[in-house]
Each structure stands twice: as structure tokens, then as C-alpha cells.
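Working notes, beginning with the structure itself.
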Amino acid sequence: MNYFKRIGLNSDGLRVCIGQTEPTEPKRVKLNLQQITKQNHRRTAQVLVLKRFLSFPPGISAWITINFLTGKNQNPRSDSWKLVRTMVLVPHQRFMFPLIPGGLHSHGSTTVGMLDLGGGSTQITFSPRDEKTIQDSPVDSIRSFQMFSNTHTVYTHSYLGLGLMSARLAILGGPIGSSTELLSTCLPAEFSGTWEHADIIYTVKGQEAGGPAYEACRSIVEKVLFRKVMKASEAADVDFYAFSYYYDRAVDLGVIDEKRGGTIRVSDYVQAAQTVCSRVIRGPLQSPFLCLDLVYISVLLQELGLPPHKQLKLARTINQVETSWALGATFHYMETLKRP
């Protein structure tokens, strides 16, 4: 897995390379696939294992990870945690896997939900407590699977193209034909610079809003998200952990510590967006995209069904273990090895 991380492929990019989804960055994907073929031609076994890894939705893999790491019966000094940190070699496949006994959480305890905002896609996953949620949700949003000798049923949805970087491009109004110049009221009016996305360098400029900048930007974001996101039943009542750009922007705001993480409310993103967007002149270290990013995050969370008062937990590690989808994908792969 470290090899693929070094050449810049995340779960979205890897899925594109093995043909499981449509590319959002075709030039980069083609280049990375050539690198895999040229530099890694002897690793056929690893690629086959990787395909099995990625046959499982990343949102569910991340949900498994966070619920294992926060499970009520998980003691950092227990044997299962020691085994998480002790990797053993799987014969003939040269991949490192942990051997984990136990389960995701203690019997009768509630699980937590997972929100992830990547560059190309965003995911939401949680375990419904109400049968009505299962009945009313689209069939492809409800998944059941075996894990640690138990059956788990989750609501999960991945929105390809609604990750923060893909959304930035849409909000900025591009791409329009062959033009690489983008104007937006979501950027500071005095700003002029460049931004690279999918190997294309855009010239981006701010534009006077003709009114309150926050409202103008929010209007654009709402149009971009119109009818593209479903409100998830029960989302308002689930305890969520949020990752990736949700975390990064909270760090940028100074709401959480970069290493320790913390908590943030949806309303904190909203209020920060209003404050940042209303500034006539941005700070010297402030990203010109901060207004846009915060408006997008605050609108997206509410479109997903989270009310303004909803508090999210933000963490990159729990008990020194990274909160990555890869751990959950590993557990699922190990589960498949048990099957005849």
C-alpha cells in the first residue's frame, strides 16, 4: 500500500485505475496507471489483493475503522490492540496485515457515524437504528456485511464529484470549453492567482459580489449541490466522526489542534464562513479559497441532514492508530479469506 501512496493515489484514484469508477482526473490517473505498469510490473499479486481491498466501499471501510478504534470493549492495552500494532506477513502476497480478534463494539452499545470529505468524493456512513430508515432509503444505500462473526447493516452513500477540489472547480464555474480563466464571487475581490486541478492550471480571480459576499457564495454553492445530495434519515441523531478536509479546515480556523483534533459544530463552519467571506482584505497567511471551502462544507453538511447545532468529532489518530479507511479494508479482506 505504501507504494501506491508514494505515487499519489488515494482510494478514489485506485478505484479508477482498476476500473471500478469513472475518472475525475483522467490525465493523472493515466499517468499513475502507467507508473504502476512500468515500475511495479512484478507486483501482480499485490494488485489482485488491492482489487479485493477496493471491492468494498471506502465509506464502509472507514466506518469499520472508526468503530473498531472507538469500540466500547476496545482497551488500548488489550491483545486485540497489540495485534493491531503487530503486523504479520501473509505468505506469497508480500502485504502486511494485522490479525484481530474481538469485534467492532460491545454488545448493545451504539456505533458512531463517519463523514469523509476527500478531494474527488465525499462519503457518509452510519448504522440505522430505525427500521424505517432502511425501508425508506434507496436500495443501493443500505449494505449488510459480515465482520468479526456479526452482521452489520449500514446506510452508506458516496458522492463522486462532490469532494472539495472537484466542488471548487464547479463553484468557480469551470471548466467552460477550453478556457482556463475563472471568475468567482466566492474569492476575495482583489485576488488574482493560479490554481492547479487535474493537471490543468487555471487563472482564478475574485469578483465583486454586488452584495454580501457570504450570501452570494452560498447561492452558488446551493445551485451546485441542487438535487445532488440526499438528506440521510437519522443523521441528526447520530454521533459522527469527520475526516480529511473537514479536519483540515477546522485546523485552519484554529478550532482544533492539528495533532490532537477536537470537536466542531456545523454552526461553527457556518459562522466562520460568514466571517471569512465578509472580510474586505484577507490575512497574509489565509488561503484565498477559505471562504469558498467553508461555505461549501457548511452547506454540504446541512444538505446531508445535519442541523446547525450538530457536533462532530475530529481525529486523525485514536490511541496512536491512524483513522484510515485502509484498516477497515484490511479487516474486510481478512474476512473474505475465511470464506470457502
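Just so you know, glycine gets a Cβ as well, placed from its N, Cα and C.
The ATP binding site annotation in TrEMBL covers GLY119, GLY120, SER121, THR122, GLN123. Around the Cβ of GLY120 (ATP binding site), 24 further Cβ atoms fall within 10 Å across all displayed protein chains.
Listed in sequence order, PRO57, PRO58, GLY59, ALA62, MET114, LEU115, ASP116, THR156, HIS157, SER158, TYR159 are the same-chain residues six or more apart from GLN123 (ATP binding site) with CB atoms under 8 A from its CB. In the structure as shown, the Cβ atom of GLY119 (ATP binding site) sits within 10 Å of 20 other Cβ atoms. Here the binding-site residues are SER121, THR122, and the one ringed by the most other CB atoms within 10 angstroms is THR122.
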